[in-house]
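Feature annotations, reproduced from TrEMBL:
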{"type": "TRANSMEM", "residues": "6-24", "note": "transmembrane segment"}
{"type": "TRANSMEM", "residues": "60-78", "note": "transmembrane segment"}
{"type": "TRANSMEM", "residues": "90-111", "note": "transmembrane segment"}
{"type": "TRANSMEM", "residues": "123-145", "note": "transmembrane segment"}
{"type": "TRANSMEM", "residues": "157-176", "note": "transmembrane segment"}
{"type": "TRANSMEM", "residues": "215-236", "note": "transmembrane segment"}
{"type": "DOMAIN", "residues": "250-359", "note": "domain 'FAD-binding FR-type'"}
């Protein structure tokens, strides 16, 4: 490739990136008419609904995928000299597309570097992998079309070509949801081993096309650099050259007596003691490795959402975990040994990972959670209460709506909720100075708990009537409309006080998220923004389960 052409391509990419960044900033304007239309008709609505094996895809995601496919097709067929030439182009594009999937062993770390959500990084990883497989299949078809049946697998280059094609096909095949659910750890390790085998086989196949090896070298260099940075970070945060030893996980259990007088674990509480303090933002998670839990736990690491938050760096991280298989099931077996106390395990961790929502500029924040989604709601609410108390946030009303199936779920998070309510303390002098109040007796936080089990009783939570229990299913349409109207905030009668923006933070099951998304789509004109958190409860069979992703 000519050096001037390389310069032109790089310069074009930089220019296009700057234009695209400017366009995103324009679309992100909350009150612009074009921005409202863009979010209401492009970003929020689903074009492909949620199904077992695919989806959901928004219209924006579908357009991006379509553009991605069109670009690859254009590069394959534009001014092709022959079908064999297009097959060679497809092989080269296959390697180019695989640079991203092969660049990191841990997608959480890669997502942090790129500043995107883990779900977005997974989507890019999956899409580029599927595109690479499609290009490889086209390359194979064109090879057979040109060479016919003279393609001899006895030749070393051809043998490794077959091995590379099979390994890439298996890489995509085990992405099927059912395979991942059946044996997630086997899937993960198998996925990584197949990736290594594919790179090796492709390298051996490209003995006569050494130029194409540059793409494998680029991917390997990126992989090595990111792995080295991650290794240094993990080693430092886990106590390398520190006075204290490695982290310890103090594990306790919330239990109940089952039907056959068996001890049933309803929640696992983990306090991770750190050798060095770290700063964790609300909604972030860590990947926890506990090798002494079981025989094969040394091969497993699992992500857990951090429920604790502090404005300063933390020496201890609190985790609220739902038993749901894998490591959490093995931990539950220690409940009888704990006897109401706690057990200590050696632990290592990576992170914190994930993005945290910026709540500046919002007057009302509505937090919707179901089940163990409360784990990501609590640290967000803590930070917002702290922001109001220190005059660093404009939030004037906080409303937590928590939907649970039974009272046991409330009991597992009761201490966390009481601690959260204790943070919401009225500063009377500040209230007088600001000459403002809310309809909740001056408090910012209001909690509504909806219990589906009609036989469940209320639990003592907080004071001053800030917690309300309902034995019903929430009417989310009415709740969102009322909070977005701003009518629950008392305003001065002698001045014009326009209602501010409303943020709706969601950590619920997938079907409930789809329902709330549709409501927000209708209310987008009222300056309502939807924020789906990194962690979402996997009550409907997804890999995400409780506050872990087994």
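Cβ atoms are placed via backbone N, Cα and C, with glycine included.
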Restricting to the same chain and to residues at least six past its boundaries, which positions have a Cβ under 8 Å from a Cβ of the transmembrane segment (123-145)? 61, 65, 68-69, 72, 76, 83-84, 86-88, 90-91, 93-95, 97-98, 100-101, 107, 151, 165, 168-169, 171-172, 175
Its residues classified by DSSP, the domain 'FAD-binding FR-type' (250-359) shows 13 helix, 53 strand, 44 coil
Tertiary contacts of the transmembrane segment (157-176) (same chain, 6+ residues out, Cβ under 8 Å): 53, 126, 129-130, 132-133, 136, 140, 151, 187, 190-191, 194-195, 197-198, 201-202, 204-208
May I ask for the residues of the chain that lie six or more residues beyond the transmembrane segment (60-78) and have a Cβ under 8 Å from a Cβ within it? 42-43, 47-48, 86, 89-90, 93, 97, 123, 127, 131, 135, 138
Can you check how the pLDDT averages out over the domain 'FAD-binding FR-type' (250-359)? 87
